[in-house]
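Structure first, then comments.
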Amino acid sequence: MVGVPGAAAFQLGCEKRVPAMPGSPVEVKIQSRSSPPIMPPLPPINPGGPRPVSFTPTALSNGINHSPPTLNGAPSPPQRFSNGPASSTSSALTNQQLPATCGARQLSKLKRFLTTLQQFGNDISPEIGEKVRTLVLALVNSTVTIEEFHCKLQEATNFPLRPFVIPFLKANLPLLQRELLHCARAAKQTPSQYLAQHEHLLLNTSIASPADSSELLMEVHGNGKRPSPERRDENNFERDTVPPEPPAKRVCTISPAPRHSPALTVPLMNPGGQFHPTPPPLQHYTLEDIATSHLYREPNKMLEHREVRERHHNLSLNGGYQDELVDHRLTEREWADEWKHLDHALNCIMEMVEKTRRSMAVLRRCQESDREELNYWKRRFNENTELRKTGTELVSRQHSPGSTDSLSNDSQREFTSRPATGYVPVEFWKKTEEAVNKVKIQAMSEVQKAVAEAEQKAFEVIATERARMEQTIADVKRQAAEDAFLVINEQEESTENCWNCGRKASETCSGCNIARYCGSFCQHKDWERHHRLCGQSLHGHSPHSQSRPLLPGGRGSARSADCSVPSPALDKTSATTSRSSTPASVTAIDANGL
């Protein structure tokens, strides 16, 4: 779908047959037939009134071809006449070389379009309706561009607009902005102030919408068909103010002027020799087919038409005056997206081709390896079958009578006639296997012998280390026993020390009058070991007194009877060595030590 609303364009094409103003392009084209073009005098510039619009390629963007006629390669200047001072919308539009009905209809369509957008937003929700109203006011005030308005409107309503919306706004929004500027100047206000005070003139909800909102929005779930005409019949009061308009895609056939492409800037001639006015450009990708449909029946006329079009197209390009046409082709961003998609598709195709080529190469290599393996096994099978055949033949010849003489000759002839390549006798294989087995057996025996020798050496090392450790432990035990004897002797000699802690004693055990302590705490703590000795010392016959002479140094024989009771220091040393709660006897320590 190409985005200029076709209804307005077709109405313009139908109504431009009747000249609406003296300076319309239709009169210029008709008058130029009888007289050469004459430069009209420019109207006086009124400082207080609106400034006449200068025709530049970007002055009009409403999609209507207002270029002056080109006769004999000389473009005539644009007409700048007006009927009078601009006192209304139609009179203000005369400075733009537009008929009054054309400008009023375009403005009415634009206002109804904006009103329909706001009503659609209000139908969704009041918040979205307020957003749409703000966007519409910002668009009319030129604070946002048409593209930004398009994007923000789609984001607010979450509905895609039809493709003709942007070209329609580009074509008709300048007319509305000029009208707003004229009214604001008349009221001595800025356009934004005037629009804020007279918002109802732009978004007039009392005027019915020209069409359903589905004509402005893309069908999300539908099949893309236009709404039925019964929905238009509901708005019958619309026909009282605005004439009915044909659908956007229906071709108008009322005008006698033939259709042609927008690139054709020269007016065509009818059979009577009169010029027809240039119709406004519609959907330009189909108008050229409509324009030249009657020429395809006559090839000569078609060639002449093509030559005239190319010649005048070049003249219009080089003549310095060319109107800007509404371009309905893709924008640069859309072209970039299309190229990006195309590049991505080509890359995917290249990747698929590369993967297919690799897969075919892998399959080819696998097929070659399979073929080689199959040939190898075929050769092996043939060799085995030949060996079996020769073996059976030899056995049959040996058992058959009269074959002993020729057996050696036949076998020799057979072995000599057999090719040397690829043939190995069975005896050779047997000898080779036997040699390999012998080598394996010898290697295993050597390995076992080496392992046995290593184990023997390890056992010897372990035995020597064990003997050394036992000797060391015995030496340590002996040294500990000797140290214990020395400590015992020292404790016996020093009777002034405490038997519990070794400090200077101040008290004596009342039971035996032998044990000495530094205090009652040490006596109570040592009582678990001393009470046995204390009881034995009371009887006066202790077995330890007989074993005293066995102590090294012979000190026990020279001591008195009351000192024959063993010292508790011996119990301490035995307790530290054996970790037991009862003290050991001196004879037990002597026996262990010696």
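We count from 1, first residue shown onward.
Placed from the backbone N, Cα and C atoms, the Cβ positions cover glycine too.
Taken verbatim from Swiss-Prot:
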BINDING   CYS509, CYS512, HIS530, CYS534  Zn(2+) 2 binding site
COILED    442-482  coiled coil
COMPBIAS  55-70  compositional bias 'Polar residues'
COMPBIAS  79-96  compositional bias 'Polar residues'
COMPBIAS  227-242  compositional bias 'Basic and acidic residues'
COMPBIAS  393-410  compositional bias 'Polar residues'
COMPBIAS  573-588  compositional bias 'Low complexity'
REGION    48-96  region 'Disordered'
REGION    98-206  region 'Interaction with PRDM14'
REGION    220-257  region 'Disordered'
REGION    322-368  region 'Nervy homology region 2 (NHR2)'
REGION    388-416  region 'Disordered'
REGION    426-475  region 'Nervy homology region 3 (NHR3)'
REGION    538-594  region 'Disordered'
ZN_FING   498-534  zinc finger
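Annotated features, which come from Swiss-Prot, shown on the structure.
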residue : record                : CB count, 10 Å
CYS509  : Zn(2+) 2 binding site : 19
CYS512  : Zn(2+) 2 binding site : 17
HIS530  : Zn(2+) 2 binding site : 23
CYS534  : Zn(2+) 2 binding site : 18
In the region 'Nervy homology region 2 (NHR2)' (322-368), how many residues does DSSP call helix, how many strand, and how many coil?
37 helix, 0 strand, 10 coil
For the region 'Nervy homology region 3 (NHR3)' (426-475), give the DSSP counts of helix residues, strand residues and coil residues.
50 helix, 0 strand, 0 coil
Summarise the region 'Interaction with PRDM14' (98-206) by DSSP state, stating how many residues are helix, strand and coil.
85 helix, 1 strand, 23 coil
DSSP-derived class (H/G/I helix, E/B strand, else coil) of CYS509 (Zn(2+) 2 binding site):
coil
